[in-house]
Amino acid sequence: MPLVLPLLLAVLLFCLGVYGVLARRNAITMLMSFELMLNAVNLNLVAFDAWRLDGLATGQTLAVFVITLAAAEIGLGLAIVLLLFRGHGHVDADAARDLVEQDGGIPAADGAGTAAGRTAVEKGAAS
Amino acid sequence: MTTALFSIAGAVAIAAAVLVVTSRRIVHAALWLVVALGAVAGCFGALHAEFVALVQILVYVGAIVVLVLFALMLTKAPTNPLPALTTRRSPFAAIVAGVLALLLGTGVVIAFGNEKIEPVPAGSATDVGTAVFRIWVLPFEVLSVLLLAALIGAIVLSQRKLSERSDRLSSSGKED
Amino acid sequence: MIATTWRVVGVGFSLLVILAAILLSGVEPQQTSFPGTGVGPDVFWTFDLRTDDLTVLLLAVVGVVSACVQVYSIGYLHERAASYTALVTLFTAAMVTVVVADSLFLLLIGWEVMGVCSYLLIGHYWERRDARSGAMKAFLMTRFADVGFLFGIFVLGIGYNTFRISELGSGPISPGALTAGTVLLLVGVVGKSAQVPLQTWLPDAMPGPSPVSALIHAATMVAAGVFLIARLYDVFVEAEATLTVLAVVACVTMLVSALCAMAAVEVKRVLAWSTVSQLAIMFAGLSLGTEDGRHAALFHLVTHASFKALLFLCAGVLLHQVGSAAFVVLRRYTRRGALRRAMPVTFVTMTIGLGALAGVPGLAGFFSKDSVVEAAWHHARDGSTIGWVVLVSVCLTAALTAFYCVRLWLWTFFRTPALAGALGAFEDDDPMADVDEPDTSKLREPSWLMLGPLVLLAIGAAGLGYADGVHVHWGVALVTTVLAVFGALPAYSLWQRGADPRPVVLEHEFGLDAAYQGAVVVPVRWFAKLAVLGDRDVIGGYVRATGRAGTLASQGFRLLQTGNVQTYLTAAVIGVVALAVLAGVIAS
């Protein structure tokens, strides 16, 4: 089997992942695209392992590690997405622009931050 | 034989991946991700990395995609097709990705165009297991610590704010 | 408390100087050397001190005058007395440094410290505009001259390969270097001693306290110029051309400043111009290049120190008791005869001082001036043009001096017989003259703290002429006395008629100030404005442009911060791709 076959497959998967990350609005689809990119890397690892046959199973072991890492990553990523959803009411990465540079330099907080602030103010007024 | 198997699985993976990044329905995209990851697992198998393939199916298909689906559910993702699933920059992103693919593909072909993967004996979990626990013990343990940290991080991130919770508790206490 | 401490220190220091002079008198000339620094590969300068007759003489003069001034100041000055007394002490110490120095650089240090002290003391009443500008003028003009002085030191020191004064004049030196060095030194001397053409700062320094004027004019600042030439006399005698320049400068100065003194309408200003004139007489004596001339000049320096200090302290009494030394104010008291009656001691001492200045036979100034004339006569008889010029100039100056002394004396202390004089020949420059009739009953003598120095100096002004051993050249004495009488008579007759004609040229002091204003001050102001413009609009423009460019650029970069993660990622990926392409291009 020619080595370029798995490698080209990995390249295509990786670039599809890049496209997905750059183009999709939904934060969860962005995470899915990350998974595609990680898989492309795994494919590379396994292909080179099969090509080199170093006896240590380096590529395969690393691929397993990467899968573990991907699990950790998706766990954290989804937690962040949930936080985003809780704060803004949507998971649109294109619309989450709290960090935009504004005149006066103070980003206008909406969603959870403001809600929390408002409750705090109300609390202060009540007490 | 393996080449043919690999080619088929690879074609399926590419097609499924294209659908993942272009599908108008998010839930469909998640399901196509299952197909893509399964096909990649097939590729692993064709490369005689059966253990990795199994872990792939177990962890990715069994856990990660399920998590993603849960997340979709929790974020009230619509199941009907969305008109604006991609941003305005999607053509530009496509160009960037295309150029990147061209670049990487050219590099790969130039570098490894004549290399062949020799037929290998059927892989076994024994080899990988021995390697992990004999040579890669320390990274393995570090990785477990990392997983623990990610676990705690996910809990901290996804729990409600302490102040909000105390608010709710105090208000409920008042009602009592 | 601090002021008292400083007064004790000041008077004590002056007494110490007198004591040093007494102890050192008659001691063999000797030099003391302290370790110094190397200048260049083989030229060294050290902190050398020396004592000889000249040192002792100047130490005595400085000590006595500064002691008088310090004691007088206790009664005279009450505001900011601590800093004032400290500065006067420093001033005296600087002059002592100049006097005892055997190293040109040590001398320069004392010289410059004197410049700073004169600036600070002239500006003692810094609330007054004229005091500030007078101080600034004195500082700038003497500093301008000091540049020449410094380079003169370099030229002479390098030329003789030593900076020790006692070794100067002995080594081989090229005539050009000698002339250049002495002329450059002369520039410093002219500035310090207020000779033409740098004479204008001295009359403008009059807003300073009177005791300071006495100190500057009698013992320290302006006398330092005379002292320097006397100290380096061996060197100056070698340089013919420099002595000629000095003679011309001195002769022009003595006539010009005496003429200016004739038209001044303020006691201190008259005295200031007379100082310039008398210093010029000393320089004239020095410029003869003979030992007689040097002796006469130093003799005149000593007598002049006593009577000029006396006159300035008297003017200070007038300022202190009356409130002004302007003729117009003094006339208001005088036309009732109050001034003479209320302040007899001041009147008598000032009369002695003016007499000494005018050259009344028997008083100090008479003998010392005659010795200059005599030295000039001897030199002229030997066939020297310089001798003749000096002789004629000093004689003319004697007449002019008598004129302004008599004028000052009569108009200040005596009622005029003529009605016009009673109503005032000076009141055209004081519109308030008729409105403000002074209360003459409160006018009285100041305390004995101030009168004591006056009496002491008056004794000196009367008797110092005999200290040199009386030798009178009867012909010279006759000529100068007759000339003085010729100068005094017109002043008397003008006073009797109550008229005081002042030519415009003399009132404007030959227009030199205006000329300097046009030639130096205005162009310098223009340059300053130009420099400010250049700084603000050119250099500042670049500075501001840097800031603005930064602001503009950052405003542009702000647009890049969209807050959108995907935009950032796109940029990052593009960057990675670009770098990869670049790496490929470079590698291939």
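In case you wondered, yes, glycine gets a Cβ from its N, Cα and C as well.
Features reported for this protein in TrEMBL:
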type     : residues  : note
DOMAIN   : C:46-80   : domain 'NADH-Ubiquinone oxidoreductase (complex I) chain 5 N-terminal'
TRANSMEM : C:53-74   : transmembrane segment
TRANSMEM : C:81-99   : transmembrane segment
DOMAIN   : C:101-380 : domain 'NADH:quinone oxidoreductase/Mrp antiporter transmembrane'
TRANSMEM : C:105-126 : transmembrane segment
TRANSMEM : C:138-160 : transmembrane segment
TRANSMEM : C:212-233 : transmembrane segment
TRANSMEM : C:245-265 : transmembrane segment
TRANSMEM : C:270-289 : transmembrane segment
TRANSMEM : C:309-330 : transmembrane segment
TRANSMEM : C:342-366 : transmembrane segment
TRANSMEM : C:386-406 : transmembrane segment
TRANSMEM : C:448-466 : transmembrane segment
TRANSMEM : C:472-492 : transmembrane segment
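Among the recorded stretches C:53-74, C:105-126, C:138-160, C:309-330, the one sharing the largest number of Cβ pairs closer than 8 Å with the transmembrane segment (C:81-99) is C:105-126. With a cut-off of 8 Å between Cβ atoms, the residues of this chain six or more beyond the transmembrane segment (C:245-265) that come close are 183, 186, 190, 195-196, 199, 203, 229, 236, 273-274, 276-281, 283-284, 286-288, 326-328, 386, 389-390, 393-394, 396-397, 400-401, 403-404, 407, 426, 429, 502-503, 506-507, 509-510. Proximity of distant same-chain residues to the transmembrane segment (C:53-74), defined by a Cβ-Cβ separation under 8 Å and at least 6 residues beyond the stretch ends, is recorded for 7, 10-11, 13-22, 24-25, 27, 29, 81, 84-85, 88-89, 91-92, 95-96, 99-100, 209, 211-212, 214-215, 218-220, 223, 227, 230-231, 298, 301-302, 305-306, 309, 313, 316, 449-450, 452-454, 456-457, 460. Nonlocal intrachain contacts for the transmembrane segment (C:472-492), taken as residues 6+ away from its ends with a CB within less than 8 angstroms of a stretch CB, comprise 358-361, 366-367, 369-370, 373-374, 377, 395-396, 398-407, 410. Counting only same-chain residues 6+ beyond the ends of the transmembrane segment (C:386-406), those with a CB under 8 A from a CB of the stretch are 243-244, 247-248, 250-251, 254-255, 258-259, 261-262, 264, 270, 273-274, 277, 280-281, 284-285, 287-289, 354-355, 357-359, 369, 372-373, 376-380, 479-480, 483-488, 490-492, 495. Per-class residue totals from DSSP over the domain 'NADH-Ubiquinone oxidoreductase (complex I) chain 5 N-terminal' (C:46-80), listed helix then strand then coil: 24 helix, 6 strand, 5 coil.
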